[in-house]
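This is the structure, below, for whatever I ask next.
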Amino acid sequence: MGQSESLPVKINEDGTDQLEVKGYQVHRGRCALACLVVLLTFGLLLVLLVWRKDIKMWMFYEECPLQHASKILVKDSFGVFYEEDAQEERCGPILQPKTRFFVNKKVKYVWNIETLEFTRLQCYDANIECQSFHENPDGLNMQNVNERQQKYGANFIRITVRPVYRLILKEISNPFYLFQFYTIVVWMAQAYYDYSCLVLATTMIAVGSSVYESRKHMVALKKKVQVAGSAIVIRDGEEKRILTQQLVPGDILCINPLDDKVPFHCDAVLIEGTCSVDESMLTGESYPITKMPVPEDHEIFEYEVHKRHILFNGTQLLQGRPEGNNVFLKAVVIRTGFMTSKGELIRAILFPKPIHFRFYADLIQVAILFLGNTKEIILHSLDIVTFVVPPMLPAALTATTAFAQRRLRDKKIFCLSAKHISLSGGVDVACFDKTGTLTETDIDLAGAIPIQEGEFRKPVPQLSTLPETHPLLQAAATCHTLIKVNDQLNGYSIDRKMFDATKWNFVNGPPGVNSDYGVETPFLVSSPLWNDKRESSFNPTVEYGLLKRFPFESAIKRMTVIVQRKGHEHYNVFIKGAPEIIAELCDPVTVPSNYYSVLKHYTMQGYRVIALAVKTLSPHFTWSHIQHMTRDEVEANPELIGLLVMRNQLKKETIPAIRILHEAHIRTVMVTGDNLQTAVTVAKDCDMIDRVQRVIQVEATIVPASIHGAQHLQVLYNDPLATPEFIAGTMKKMQDVHNGNYCFAMDGQSFELLRIHDAALLDKCIHRGKVFARMAPEHKQHLIEALQKIGRQVAMVGDGCNDCSALRTADAGISLSMADASVAAPFTSQETNISCVAPLICEGRTTLDAAFGTFQFAIGICFIFFVGVLMLYSISTTPSDFQYFIWDFGIAIVPFFTIGYASPPKYLHPRRPLRHLWAFLPLFSFFTFLAWQTIVLLIGWFYCHAQPWFEPYVFEPGKHPPNPSYEETTLFNLMSIGSIVAAFVFAPSPPYSRSSFSNKIFMIWAFGATILLLCVMFITNDGFVYWMNFKTPPHPEYTVVILVLGLAGGLFSFCWEKYLIRGWMYQWVWPRLNRLRPARHTYQKIEKELKSKPDWPKLGGKDISKDLEQEPLQVEPPTPNEKRAGNSMSGEDQIPLSSPGRNSLRDLVGRGKTTFRTFQGSRRGGYTINGPKLEQDYPHESIPLKVSVTNVEVPPPVPRSPLPKTTDEESEFEFPPPPPSIPDEFMSAQSSPVQVLAIRPFEDEERNVAPPPFDIDVEQRSPLSRRGQGMFQLVDEKNVEQPDSDVQLLAYRVSRRPSDLSPSQQRRHLNGHGPHPTE
């Protein structure tokens, strides 16, 4: 593959770091011409070349093929250009040719002589089998070490702290600082030294503080990252101690398990022994992670899949157990330096996503606009530009951000990137992780449900009450990854709670072979030291040795242990994991028929359910034979023994914080790796999802090609809280017409399929999405990017390393963990709850409002002075230097730094502040203020000329300062008053800041500036008047009139801004005008489209991607999930039979060809597309719902939670059966409530006779939507688009008891005014 000289070559098209590269080589003619242009522009061209690397390459170099290039121009996925040097090195023997490469963002790209392109340097572990790690027990020889040292570099995360002078040069290349230096030069040339020195001093302070913070951050990061040490490796068959910087991929690392808190300096694959490590640096979680040796098989090693075998750089060893009689644990180094997981994290910090804040771009556009206009106005353009664009503005904006940082620090929120503070003010979507963020990190065991002989038994509130020989108790005591360090049990919170509930004992096994078992026993668990009668006993009744652990893997969602009971010859296998996965592994005979109904019952209530299974291995299996068994063989066909129901409580700060965000019209989204039903229930519990809002699950699958059609993407819309029987037997025959009050929920697999195959549908789903479950870290990042793509500003809150990529991508990423991984987030909160979100957004809005106010004040006072100076230029005079001094130092400078000191309000306003300077309201506000102040100046000008004692100004060439004049005195007083008024007019105010009168520093300045101005206006001392270059009016009454004129104009401007523009126009007029404007953002267009399609999505309906149908994809064989999707499609027109002994829907209706279709009414009343219009029902509130149908025996309603509490009476409660098929399943199975209508078909002899209705009594059991109700309509299977002509809708009755009504409705009922039963 060659390279075009006009188009860049793309690298990493399938990866995350996508690059475009072009090759260049030196061109002497261009270099000479470019140097000449630099000299002619006095070096100003160099500034442009610093900003734009592509222009620099074009000016100094010529484009050439990559294989001959000496310079590489790299453009990353964010559009940022980098200039890199093409280098050569020899990684092999001397006779081999040198390899060309370049390094970008600490990543090495090497030249591939076969494809003729640069490719990213592959890691040592790429495309190798697991057994290859065991093939070289003697380690590397020195030749291999040298070659790999040259190829991969030193094992060192090198962070270069730039010298101070380079940081200063980079900072002053900012356009605003360049303009400040331009201002200083112009004023110095005009001998205006006072203000020039002040601007220079503030600029130096701002630059110095920025450089200090940048260098301080880099030095702190360097100290934290660059940790050197020593390690023992095997080279040439000998153990050697070397520096960790000398480690290379392929080295065999020897780890001493006796060293406490031993850190790892590379990524290595464990090949001998087992150990527990602390990965809190990466994950933010304090529990230990068990690492197992990589198996000796032919499986291809994958870095993301085989994490259970990898010792990551930056993690620490807590406990290790060597294999056999060995002294060391052994691991093979696979990644070093920036190629490690820690290195990737540091790279993300060093090269963050660039921030594109519209406000600063608007500032540059304003400067360019004013510069172009003023050049044509007057010959003194160089001086005039310094008026219309205030040089103090950059320093003022820096001060505003610094004030915000300090206030956030007082709230225990630390900001690592000050630019993100303003971005957080525009946040309109907040995404949250669930566990540890919305809910408590610790989890409690609510109870256990044993399973025996394929039947559920009595729920058990406490595991310890089960017999010691019960398999469920033994599984809970052994199936975990707990370890004991310093007599303290450490591990996952779930494992700790589960084991503590058993009341069993846990100890570390003896070193070497345990004589009681004949094999090594790393850990031992035993029953309590008392018997069944609670009498003390010196020996436990039951003891198990934990021989081998298969740690939990997120890909397969389970963990396994191999154990042996003391005194028994056979081995047992205990498995724990996700209930759906465990049920698929187990023998179907052992799985209860109502298994999924029970599971759904608990997950709908927010419980976390874990399934346990047991398998007894054959006594003929020896330990050596078991050690060589694969995990699939060990876990094959176990027996399901029970469920553990865990309870994860919401943090007390969660619900108030969510409600605050909702009141501010900020969307909240849950992004979690947990179960979908659990996530939906938690979202409802914390008010993230409204109680009356319908939840629709989006389920995408790839349907393989078959004789019925090509491979295609199928998207189903289901109810995530419906029971399996309801879904399988009924929902496929129902379609839904809703009232628009719905939200989406989906899992990570569906999200990824839509992202790849149907981006348009994905945009709709994320726009209305509320819950995203089973999301991997990369899925979270893609979700944030997708939300930003449709025009949202997103905040992300998380507490672990799996959220780091999303935290970096978000506009406001908030980490609730103080681990090292948190440095990737712009914000870190010491309060480990989401109560920090609202204060941060509030602070961001205040900062944004203060930045707008500072800019408008700066431009406003400069334009006031600009207009005044132009009026004075008309009579050939100008203000004196001392007048400039008084105005600059006494009036103009201080508000630049005090306006941003405004405090945030105590609440979040429902509307976000404006984010664009070019919006109508900021421009209207500024120009109207300028117009009123110009009118005041003109009135003062003509009033001065109308005085009988007025004397015209006499111009004397060459005199400095010019002769005093009445016009100069009058205009200076009015300009000074206008400047003070501008500070009050544009100062931040409610609703995004507290009143300017609460800003103490601002009010102190206002008082001092007013006193100073009064002294200047009314002091008539000859020396002072001469110094000010004033011409005092003969009558003091004139000065009083000028003061009253300025104050009247200022009062009018203040009322105009605060009450007309910020009040009436912003709060009432502007929102209504926005509704008439066409949608600008993508999410607004999507919302408009969804409102125009009230029949989409249809519950139980499906979408099929036409693109995949027309162009079948050549993909790998379908996964088991895809196969199941395909199988479900083939039988979609069939309704599975109900369980024996229960009435089915077909039995109720009496016809074989009828099904139900569900409709959801509109907010104006229940209506259907195909059916008759119904009378609108009364608004429903939280009233329990139950249904009784004549001649139909209905079991009692299912209790909210069948788990017993504490008493013995409650512990005798039988576990409830699954929800019945008819008709209660319609009541309890759906996340959205419905009304039941009595229906039955016509008989032939009844066609002309009205049949009697069913006697139905409906009471609510769940809150109904006040915007519409649902109903059922009978339709024909053969023609699902039209209702069955043989079926008649008969009647329904909704009755409510007075106790179920609201207080106002109860009063109406007692007075005899209803509501009455509706028929």
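Cβ atoms are placed via backbone N, Cα and C, with glycine included.
In case it helps, TrEMBL gives these features for our protein:
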type	residues	note
COMPBIAS	1094-1109	compositional bias 'Basic and acidic residues'
COMPBIAS	1127-1142	compositional bias 'Polar residues'
DOMAIN	17-88	domain 'P5B-type ATPase N-terminal'
DOMAIN	131-186	domain 'Cation-transporting P-type ATPase N-terminal'
DOMAIN	230-349	domain 'P-type ATPase A'
REGION	1094-1175	region 'Disordered'
REGION	1195-1227	region 'Disordered'
REGION	1245-1319	region 'Disordered'
TRANSMEM	31-51	transmembrane segment
TRANSMEM	855-876	transmembrane segment
TRANSMEM	882-904	transmembrane segment
TRANSMEM	916-943	transmembrane segment
TRANSMEM	971-989	transmembrane segment
TRANSMEM	1001-1019	transmembrane segment
TRANSMEM	1039-1056	transmembrane segment
For the transmembrane segment (882-904), give me same-chain residues lying six or more residues beyond its boundaries with a C-beta closer than 8 angstroms to one of its C-beta atoms, as numbers and ranges.
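Long-range Cβ neighbours of the transmembrane segment (882-904): 192, 194-195, 198, 390, 392-393, 395-397, 399-401, 403-404, 407, 839, 842-843, 845-847, 849-851, 853-854, 857-858, 861, 865, 968, 972, 975-976, 979-980, 983, 986-988, 992-994, 996, 998-999, 1001-1002, 1005, 1009, 1012-1013, 1016, 1027-1029.
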Which listed stretch (31-51, 855-876, 916-943, 1001-1019) has the most C-beta pairs under 8 A with the transmembrane segment (971-989)?
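Between the stretches 31-51, 855-876, 916-943, 1001-1019, 855-876 has the largest tally.
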Most CB pairs under 8 Å with the transmembrane segment (1001-1019): which of 31-51, 855-876, 916-943, 1039-1056?
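Most contacts with the transmembrane segment (1001-1019): 1039-1056.
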By DSSP, how many residues in the domain 'Cation-transporting P-type ATPase N-terminal' (131-186) are helix, how many strand, and how many coil?
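Across the domain 'Cation-transporting P-type ATPase N-terminal' (131-186), DSSP assigns the residues as follows: 36 helix, 1 strand, 19 coil.
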Of the residues in the domain 'P5B-type ATPase N-terminal' (17-88), how many are helix, strand and coil by DSSP?
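Tallying H, G and I as helix, E and B as strand, the rest coil: 32 helix, 24 strand, 16 coil.
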Mean pLDDT across the domain 'Cation-transporting P-type ATPase N-terminal' (131-186), rounded to an integer, is what?
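Within the domain 'Cation-transporting P-type ATPase N-terminal' (131-186), the model's average pLDDT equals 83.
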